[in-house]
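Visitor: Quick one: structure below, then a few questions.
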Amino acid sequence: MSSSPKEIPLAHLIKHGWGDRVAHAFAPFAGPSTVPGRVVCVYRGQCDVATPTGTIRADTRPLTGADPVCTGDWVAIEGASSPRVVAVLPRSSALVRSAADRTSRHQVLAANIDTVVIAVSAAMPVRSARIERLLAVAWDSGATPVVAVTKADLSDDPAAFAAAVCAVAPGVEVVVTSATTTAGLDSLRAALNGTAVVIGPSGAGKSTLANALLGVDAIATGAVRAADGKGRHTTVHRELHSLPGGGVLIDTPGLRALGIADVGAALESVFSDIDELARRCGFRNCTHRTEPGCAVGEAVDAGQLAADRLQRYRTLQRESDWEASRSSVRKATERKNRDKSISRDQRAMYRFRNRQR
Ligand SMILES: Nc1nc2c(ncn2[C@@H]2O[C@H](COP(=O)(O)OP(=O)(O)OP(=O)(O)O)[C@@H](O)[C@H]2O)c(=O)[nH]1
Ligand SMILES: [Mg+2]
Ligand SMILES: [Zn+2]
């Protein structure tokens, strides 16, 4: 008899985000010796997984591929005495960045997420390009971005800081918080939904914020460098925690350079102000450079759109297009290699048959 999810004690899994969608996705893998689980932390060849009987360490080596599991993944586990991950369930969303070395594949930072919390420290000047980049990755994941301004207690004018952030995050909720004074934490809690992942540069206060939401100091934090206010990369693992009031939170290590993958239509969400203007341009394929009747150009001239924001939009567009072409080259190469190996297998089969005759 195969065990249906209904027969499994689910309290520990529900705390980690189990619901109808996941139950449905797990159904084809259900079996007498298979249990569902959620990956809470990944190590080389192993991972910690929340299962119906608690969180256990499981072997991930049975899976192949460069980046087989990632924090937030739902998996199927077999083997009670030496548990191993035998399958990764289809992801509902994934936060993806372009690999830093620009040669290998993309890296999945978190899976099955509903909210992406972008941590922006109010103790540092606003870095618009970085916020836009993080938003591009967030929108592209399929989850909803929220900006958490952190360390509001260290800012002379948190409202002005928030306004500057809002200017580069149209349509995104911006919540001003301080883990020190607890200001804004309730608003942030209200903005979270399902599984949230916190991203941002090192030292932004991601882990401190996560601890504040968890209500316990479960995660180590580290002081920023006095000289430039940058963090010291205290967090090294992506770690999933279940929140006391329901919901799930993934803390992540500080992002160094964040290369965007082919984010496609996500840029229209990041730059929805420019997208809105572009609809009113005289030409449908307007490049917003020299065309007559260009609503984007007119908005720049009128001081309604910052010229540098348009410039950053172009930069990200170019990067995304380049990644798209790179990925189509990669797909073509993969196809060619696969065709080659198929014809190699066929030749081997014919040789084998000929010998049999
Ligand atoms: N004054 C003040 N300091 C804060 C606040 N939040 C975080 N900090 C401090 O900022 C420093 C960095 O915080 P972390 O939470 O370790 O930062 P992080 O983003 O997790 O950094 P990495 O793990 O390196 O990516 C620590 O010294 C925190 O105490 C806050 O709301 N107010
Ligand atoms: Mg941290
Ligand atoms: Zn135009």
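Glycine is treated like the rest: Cβ placed from N, Cα and C.
Quick paste of what TrEMBL says about this protein:
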type	residues	note
BINDING	T150, K151, A152, D153, G200, P201, S202, G203, A204, G205, K206, S207, T208	GTP binding site
BINDING	C281, C286, H288, C294	Zn(2+) binding site
COMPBIAS	331-346	compositional bias 'Basic and acidic residues'
DOMAIN	101-258	domain 'CP-type G'
DOMAIN	111-256	domain 'EngC GTPase'
REGION	321-346	region 'Disordered'
Visitor: Measure from the CA atom of C281 (Zn(2+) binding site) to the CA atom of A152 (GTP binding site) and give the result in Å, rounded to a whole number.
Guide: 40
Visitor: List, in residue order, those binding-site residues out of A152, C281, C286, H288, C294 with a Cβ under 6 Å from any atom belonging to ligand 1.
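Guide: Not one meets the Cβ criterion.
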Visitor: Would you identify which of the binding-site residues T150, S202, T208 has the most other C-beta atoms lying within 10 angstroms of its C-beta?
Guide: T150
Visitor: Name, in the order they occur in the sequence, the residues of the same chain whose CB lies under 8 A from the CB of C286 (Zn(2+) binding site) and which sit 6 or more residues away.
Guide: A278, C294, V296
Visitor: Taking ligand 3 as the reference, state which of the binding-site residues G200, S202, C286, H288, C294 have a Cβ closer than 6 Å to one of its atoms.
Guide: C286, H288, C294
Visitor: Work out, from DSSP, the number of helix, strand and coil residues along the domain 'EngC GTPase' (111-256).
Guide: 43 helix, 32 strand, 71 coil
Visitor: For the binding-site residues A204, C281, C294, which Cβ has the most other Cβ atoms within 10 Å, all shown protein chains included?
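Guide: When each Cβ's neighbours within 10 Å are tallied, A204 tops the list.
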Visitor: Ligand 2 is in the model; which of the binding-site residues A152, K206, T208, C294 have a C-beta less than 6 angstroms from one of its atoms?
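Guide: Only K206 qualify.
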Visitor: Measuring CB to CB from G200 (GTP binding site), give everything in the same chain under 8 Å that is also at least six residues away in sequence.
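Guide: Looking at Cβ-Cβ distances below 8 Å from G200 (GTP binding site), excluding near sequence neighbours, one finds I118, A119, V120, S121, L134, K206, G254, L255.
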Visitor: Does H288 (Zn(2+) binding site) have same-chain partners at least 6 apart in sequence with Cβ under 8 Å from its own Cβ, and which are they?
Guide: I274, A278, C281, C294, V296, G297, L310
Visitor: Using the Cβ centroid of C281, C286, H288, C294 as the reference point for the Zn(2+) site, which residues of the same chain not in that list have Cβ within 8 Å?
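Guide: The surrounding set, listed in chain order, is A278, G282, F283, T287, R289, E291, G293, A295, V296, G297.
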Visitor: Around the Cβ of A152 (GTP binding site), how many other Cβ atoms lie within 10 Å? Please give the count over every shown protein chain.
Guide: 24
